[in-house]
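> Below is a structure I'd like to ask you about.
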Ligand code: SF4
Ligand code: SF4
């Protein structure tokens, strides 16, 4: 474990991390949070000068994908700098300590930082039977209540802790619930995704350290700056959608030409996340760019919304049509998708998606 009384500046110096890398991290974080560039020095100052906040990371019914995402162990990235800005006092996967020693470290961190520490949770909480998931002989629900009691805020990393995720899928054999169904008296920020984008996770923590508050949230408790728009509105394949050019199978000519994946089940129109902009692996790519439709993993109940490969709504097909008619069909469908998605977001709903019928228009199909 890292010594808790160090500032980040001292810590970076000790680790030999250059100031240039640190300032790059601060500038990137400011832009991700949609803050003007002038905020980068403020973030740097806050991270450097303040005592690093204690963070207790609890893992319940999860696959460790969320931790893997933020760690990027294979190629330490700029996002991993956040671990220099916090005092990670408890993380079952990362900590060297085990057994009673690990639990003692958690209790000590809680006592020393009462009312000020952050709790990060990945995984859902099983209520069906306390014995379904335990750590050090204590059920997840008891640990969560105990640790959240003295916390300043709770950050739910990943769809499992935010909305229940895969363990919550029907028939939900463990009686899994999201954190918000148990903790109701603390600020909670949901950072869904399966797993979440590393830069989103680190930016939320950096915002808290810099401003002492959580970023503005939407109706589902997600930071608006990252979850305020759907994938579809920022997808680079959108022009194909507008023109009515849809891949019909994963290996047809349309797919090879990069056409829209709507008919192959893409859930981009109803999914709010920043994947299309931030991407993965240091901005290299994201699922749609790799040729697979969005699964909708940052939305509640994404596992129970039917086949990942069924279109959200099937456009009326009137034969091959003309290019002009295809443009019209795509435009009508596209406008409807965007409108419906935004209305659902305004209402805090996430589905089912229903595009308006496409009338009097053919589609330019891949043949
Ligand atoms: S949200 Fe996804 S990556 Fe995270 S714990 Fe759940 S299943 Fe794993
Ligand atoms: S339906 Fe999917 S692939 Fe097509 S434009 Fe929308 S997000 Fe992109």
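For all residues, glycine too, the Cβ spot is worked out from N, Cα and C.
Predicted automatically and left uncurated, TrEMBL annotations should be read as such.
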> Do you know which of 260, 275 TrEMBL groups with 294, 297 in the [3Fe-4S] cluster site?
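Looking at 260, 275, the one TrEMBL places in the [3Fe-4S] cluster site next to 294, 297 is 275.
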> Between 318-342, 343-367, which stretch does TrEMBL give the note region 'Disordered'?
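Checking TrEMBL against the ranges 318-342, 343-367, the region 'Disordered' one is 343-367.
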> Within a 10 Å radius around the Cβ, which one of these binding-site residues has the most neighbouring Cβ atoms: 63, 266?
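Its Cβ has the most other Cβ atoms within 10 Å: 266.
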> Taking the centroid of the Cβ atoms of 63, 66, 160, 194 as the [4Fe-4S] cluster 1 site, which other residues of that chain lie with their Cβ within 8 Å of it, listed in sequence order?
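Those within range, site residues removed, are 62, 64, 65, 122, 123, 158, 159, 165, 166, 195.
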> Take the domain 'Cytochrome-c3 hydrogenase C-terminal' (227-308) and count its residues per DSSP category (helix H/G/I, strand E/B, coil), listing them in that order.
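Residue counts for the domain 'Cytochrome-c3 hydrogenase C-terminal' (227-308) by secondary structure: 26 helix, 6 strand, 50 coil.
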> Let me know the most crowded of the binding-site residues, choosing from 160, 194, 235, 294, 297 and counting other Cβ atoms within 10 Å.
160
